[in-house]
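Encoded as structure tokens, the structure appears first; notes follow it.
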Amino acid sequence: MNLKSFLSFLNANKLIIIISLVSIVLCIFNIYGYPIYILDEARNAEAAREMFTKGDFIVPTFNNALRTDKPPLHYFFMMLGYKVFGINAFGARFFSSVFGALTIITTYLFIKKIKNVETALVTVCILVSAVFFIQEFHLSVPDPYLIFFINLSLFSFLYFYRNKRKGWLLLAYFAVAMGFLAKGPIALAIVGLSCLLFLILRKDISLKTIFSFRPLLGLLFVAALVFPWFYEVHKATNGAWTEGFFINHNINRFESKMEGHGGPFVITWLFILLGLMPFSVLIIQAFYFSFKKFKQDVFITFGLSVCLVVIGIFTLSSTRLPNYTMPCYPFLAALIASYLIDFYKKSSAKRKLFVHISFVVLLLIAFALPIGGYIALSLEAELKSIKELSFILVIVPVGITIAYLFFKEDAYKNSFATIVGTWVLLAIFLFGVIYPRLIYQNPVYASRELLRANSAVVVFKRMDSAFPFNYNRTFKVLQTTKELREYLKLHPETYIISNDRKVKKDLLEVENLMLLMEHKALFENHKTVIYKQVLK
């Protein structure tokens with residue numbers, strides 16, 4: 001390819017090239033710049049580390065104990081990350097970022113094909129400005145893989161419905177299988193129920209239509225891809241992993257609150273409002289518009305079906321977390337984009353009033369951010385020294401105020417671009433400045449002043465989940481003071497770490513212990529303590 005041809009190629013594909021670069025930069029930006037600390041990240045990254053160091057592709061463990069929380073797909077990719085980049089935060093997070101960028105890029109490409117360039121571009125702008133959605137792709141957790149494969153499957157099913165090309169159907173079922181390996185049967189439930197609701201809303205629920213999707217062959221194909229690992233882990237653990245995952249982490253998680261992650265059903269909608277901020281303030285208008293248009297527009301019907309299914313499932317679920325509804329965000333963003341484009345083309349005084357109300361809500365949230373950030377950091381003893389970081393958040397009210405002034409002057413494109421630019425800039429500051437300064441205040445990092453990689457350490461009852469990954473080792477856990485006393489007789493130079501809330505009272509029963517460190521966990525109500533025996 002000569003220079004002229006190359007420049008011609010760049011010019012013809014400049015939009016997708018720009019979208020790809022922006023997606024990659026935002027999703028991967030500074031993932032190496034702060035340690036793995038939060039519970040989910042720490043446990044997933046450590047489980048992958050233990051599998052990697054043991055060369056075990058079947059049985060996931062955390063601190064040498066069986067971990068039944070999730071299937072293996074994200075472990076496999078993290079193990080590959082460790083192989084290429086080393087056992088560190090970058091290696092653990094790298095492929096989460098890759099699948100985040102792929103989610104945004106494929107969303108653009110599919111919507112461009114199914115709908116038009118305008119809707120695809122606005123959808124992508126909404127997604128890249130959603131800070132907490134982008135943040136998910138900075139974490140070593142299974143959700144980035146689930147989000148990508150669910151959306152790949154859904155878009156492929158819709159594309160097959162339109163053109164009947166069997167290759168898209170094969171890709172759809174392959175993506176379902178990968179989603180199942182990422183997080184289990186929820187992938188199959190979301191895709192299956194979304195397609196079913198779509199056919200019902202389209203009044204195209206005939207046996208002919210259903211069997212055109214080859215559901216039996218498709219499920220057999222999914223089973224062929226999924227079954228081998230599930231069988232091997234069942235056999236290797238005598239059924240313990242199967243029971244723990246399917247019963248405890250699926251059925252029980254749906255029927256009852258787990259790990260304190262509950263709350264009223266409305267909290268699911270609050271998570272969506274936060275997760276797709278800033279454009280989530282237009283959700284009501286977007287749904288109203290979609291319900292009016294779904295009979296006329298196949299894509300809106302499909303997007304509405306996906307959103308109703310995902311939000312419905314996790315509204316009914318007893319365990320509720322912010323990341324649960326994220327698989328529907330590309331479609332929800334597309335519904336908001338469709339509404340915004342229609343508003344731009346057919347603006348009226350009444351419609352402008354409703355958008356104006358949403359803008360006021362966004363302004364209130366924008367001004368609350370720096371104030372809330374300052375208060376939150378001031379209330380945490382370990383974080384008071386960095387409370388000035390909250391001043392960075394002032395960029396949000398400034399940017400949204402400018403966008404509001406553009407809106408008042410009917411300069412809608414400028415207003416939209418300013419909102420997107422403001423929140424993308426916020427993401428850069430969050431990932432590049434605020435998160436690193438914040439995360440480095442955690443007790444695990446603080447413990448490095450006392451502990452070395454080869455220090456003799458024992459855990460009493462429980463510990464901060466980030467200890468094993470950050471020290472690249474596992475720790476012996478003792479549950480009683482009797483066990484601890486006997487252990488210290490044999491290993492008197494041992495450090496004792498714990499974050500059990502009753503640890504100080506319990507350790508009064510153990511003679512000659514000195515408290516060396518006490519450090520509160522970030523935004524939680526327990527403390528990590530480190531003791532050592534004073535030798536006489």
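In case you wondered, yes, glycine gets a Cβ from its N, Cα and C as well.
No curator has checked TrEMBL annotations; they are predicted automatically.
For reference, TrEMBL has these:
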DOMAIN    69-230  domain 'Glycosyltransferase RgtA/B/C/D-like'
TRANSMEM  15-39  transmembrane segment
TRANSMEM  85-111  transmembrane segment
TRANSMEM  117-134  transmembrane segment
TRANSMEM  146-162  transmembrane segment
TRANSMEM  168-201  transmembrane segment
TRANSMEM  213-231  transmembrane segment
TRANSMEM  266-291  transmembrane segment
TRANSMEM  298-318  transmembrane segment
TRANSMEM  324-341  transmembrane segment
TRANSMEM  353-377  transmembrane segment
TRANSMEM  389-407  transmembrane segment
TRANSMEM  416-435  transmembrane segment
Review point. Ranking 15-39, 213-231, 353-377, 416-435 by Cβ pairs under 8 Å to the transmembrane segment (117-134), which is first?
Key: 416-435
Point to revise | Cβ contacts under 8 Å made by the transmembrane segment (416-435) with residues that lie 6+ beyond its boundaries | key: 26, 29-31, 33-34, 122, 125-126, 128-131, 134-135, 138, 277-279, 340, 362, 389, 392-393, 395-396, 398-400, 402-403, 406
Check your understanding: Do any residues of this chain, six or more beyond the ends of the transmembrane segment (298-318), have a C-beta under 8 angstroms from a C-beta of it, and if so which?
Key -> 111, 114-115, 154, 158, 161-162, 186, 189-190, 193-195, 197-198, 201-202, 253-258, 262, 265, 268-269, 272, 287, 290-291, 324-325, 327-328, 331-332, 334-335, 338
**Study point:** Surrounding residues of the transmembrane segment (266-291) on its own chain - C-beta under 8 Å, 6+ positions past either end
**Key:** 126, 129-133, 300, 303-304, 307, 311, 314-315, 320-326, 329, 332-333, 335-336, 338-340, 342-343, 354-355, 358-359, 361-362, 365-366, 400, 419, 422-423
Point to revise | Cβ contacts under 8 Å made by the transmembrane segment (15-39) with residues that lie 6+ beyond its boundaries | key: 45, 88-90, 92-94, 96-98, 100-101, 104-105, 108-109, 117, 121, 124, 128, 134, 137-140, 424, 427-428, 431-432, 435-436, 438-440, 442, 444-445, 465-466, 469-470, 522
